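What follows is a short report on a single structure.
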Amino acid sequence: MASFSDIGTAAAINILSAIAFLIAFAILRLQPFNDRVYFPKWYLKGIRGTPTHSGAFVNKFVNLDCRTYLRFLNWMPAALRMPEPELIDHAGLDSAVRKCLAIILRTEDNASSKLPVRFEACSDVDLVFRKVDQKCHLLKLFVPVALLAFAVLVPVNWTGDSLEHTRNLTFSNIDKFSISNVPSGSQRFWAHIVMAYIFTFWAFFVLYKEYKRLTNLRLHFLASENRRPDQFTVLVRNIPPDPDESVSEHVEHFFCVNHPDHYLTHQVVRNANALATLVEKKKGLKNRLNYYQNKYDRNPNKKPTTKKGFLGLWGETVDAIDYYTLEIEILSKEEATERERVLNDPNAIVPAAFVSFKSRWAAAVCAQTQQSSNPTTWLTEWAPEPRDSIANIEGIEKVFPFLKVLVENKVTKSVVQGFLPGIALKIFLILLPTILMTMSKIEGYTSLSSLERRSAGKYHLFIIVNVFLGSVVTGTAFEQLKKFIHQSATDIPKTIGVSIPMKATFFITYIMVDGWAGIAGEILRLIPLIIFHLKNAFLVKTEKDREQAMDPGHLDFASSEPRIQLYFLLGLVYSVVTPILLPFIIVFFGFAYLVFRHQIINVYDQKYESAAAFWPDVHRRLIIGMIISQLLLIGLMSTTGLKLSTPFLLVLPILTITFHRFCKGRFEAAFVKFPLQEAMVRDTLERATDPNFNLKSYLQDAFIHPVFNGGEIDKPLAFDEEENNPLVLTKRNSRRNTPNQSKHGSEIGSEAGPQ
């Protein structure tokens, strides 16, 4: 069992590690040659350029201005200085909400009232964003809980003196602060039950206010957004096959009949993965050709050369310009052949399409209603933001068949079985988020945001079972093994109930190592720093290469949010059982908020914007954490000998589930549906302010595969060009004389009506 001195030693080590990381970061970020590592977001926005320094050559790499080192910690106030509205405009609503999640439902004060330019004309949005900056309640959930727990529960636990009178039980002084130190059957346990109710209702209040705030924030954010293609477009899946029409013709026919006044155009989904690979390879060759052409232009007297081998490191030496010109010509022919195949091969078209409408209102109606009498066909949903769409259609295949012969070797087999399992487990834990993301792709999700939300759910379940429950149960069993062996089976549940709070020392250490030092390592960005300089030294040939060498990364929702949920769960579980853990949780959330705010402003490049559509999933997992903590408290209190404790505590999970259902019914619709009223207001306002806008050309290429941008592709006519024709042209053959119902039936489309 860890004692106060052990915890103090661990805290000192982790605090020193965190300080070392922060000092290293503060110094490295000042060096000119690291500028693209620590400020990539500003480069991507075109606001920041490569630092230029006059004087000594060393100034290009090292900052020799001693005055800047005296202000090396100014990044901290700078990270807090940007007001919330400006942060939302700079990084997006998703990033702002995820940053708030890092400290659990936090709101700010003393924020500037200056709003981003695009919101200045909308007073309602201004009002909502200003509300975000009110009420300085840092760590609104856990700070009051910690204060109340230390004022009430810590004295109750410390004066219990139960552990000192229990024989053959391993404990330390720190365990005297836990509920385990209260004697069995003591009336002191009512203090814990009352505090459990108070903490639960406080959590209800905070979660309700946060859900309500984010709902209003999301609606106003959507109302203030600039025009985007996904606002007018739905994704249609499970398009039934038709023997007489292609997928594109079938889609056009269906929506011309069923949405005659609103259908505008569509784009079928094509499997162009092979073509995308060729295009990407051709871009790389063109970049190298540009590099050698520029090199030759600077020195025409010397022809640049390269080697045909890997990365030009070995092989036959040839003229670089002629070599890459020839390679590009060969690849261009392959690309043209593959492009022709994709455009003309019916098998390259998948049964899905992006269908665009003349108004947001029409798109909202289509996305939120059933299109066919067969509920398994013509499935519609809002089209993801173009950045959020998954362009590639990936498959799974078996790899590494060549390892079979190698593994069958006896020596190799011994190494594999005796040494690699531990390494494999560590690698598995590192790769787990990627594995879960791949599993979610197999399930058929069509956007990065939905994939990350689904993967986060799987990762959250893994963390609860493997990290939390696994650590509690396994650790308790081994630490109390001696007592288990020498006691009757009926006493084992009581021993487990007493021992569970003692795992708080393990989780305190876990929070310091994974939380404090881990967050400090996040801001240092050591791996991206090394990779950037390796690329810069060996792969960067042009300024475009240097831009591509930057790795701004992003706030990975699929892995970061479940980690936050784990700390939230630990705080809930131990707030009543062992309150001394709460200060470590609070320090983590505060530090995480500061670091993530800095990274969102200066580093992370947001992949997509979902307007906080993930919050219902976050709220549900918060509720799951509350229920788990309540069930564990019920199990623990059942071993204390206090009568009526279980009936009183059973009410808590019932209340929590009821609260969740209330919030779900009250707010969730705003995160999955778009109000028709809001859509009509936006459409009316836009028609009045920009009546001549060509929506058709704006939407025509929004959702085609990236490899077709700027290229030729078959495009359907917009229906407004045919709206004067009451009949919809179709290639479908007449089936009037068919004696029996066709096997396609309504699968072909209910728009044909009875024959």
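Positions of Cβ are set from backbone N, Cα and C atoms, glycine also.
The domain 'CSC1/OSCA1-like N-terminal transmembrane' annotation in TrEMBL covers 7-97, 138-210. The annotation domain 'CSC1/OSCA1-like cytosolic' is assigned in TrEMBL to 231-388. Per TrEMBL, the feature domain 'CSC1/OSCA1-like 7TM region' maps to 389-637. Summarising the annotation, TrEMBL assigns region 'Disordered' to 724-755. Among the features that TrEMBL reports, transmembrane segment is placed at 12-30, 138-158, 189-208, 419-439, 459-478, 507-531, 566-596, 622-638, 644-663.
Across 138-158, 507-531, 644-663, the stretch most heavily in contact with the transmembrane segment (12-30), judged by Cβ pairs under 8 Å, is 507-531. For the transmembrane segment (138-158), same-chain residues at least 6 beyond its ends with a Cβ under 8 Å from one of its own Cβ atoms are 103-107, 176-179, 181-182, 188, 191-192, 195, 198-199, 202-203, 206, 571, 575-576, 579-580, 582-583, 585-586, 589-590. Taking the domain 'CSC1/OSCA1-like 7TM region' (389-637) as a whole, pLDDT averages 75 in the prediction. With a threshold of 8 Å between CB atoms, the same-chain residues lying at least 6 positions outside the transmembrane segment (507-531) that come near it are 2, 7, 10-11, 14-15, 17-19, 21-22, 24-25, 28, 34, 37-38, 471, 551, 553, 563, 567, 570, 574, 580-581, 584-585, 587-588, 591-592, 595, 598-599, 603. Break the domain 'CSC1/OSCA1-like N-terminal transmembrane' (138-210) down by DSSP state and the numbers are 50 helix, 0 strand, 23 coil.
DSSP labels the residues of the domain 'CSC1/OSCA1-like N-terminal transmembrane' (7-97) in these numbers: 63 helix, 0 strand, 28 coil.
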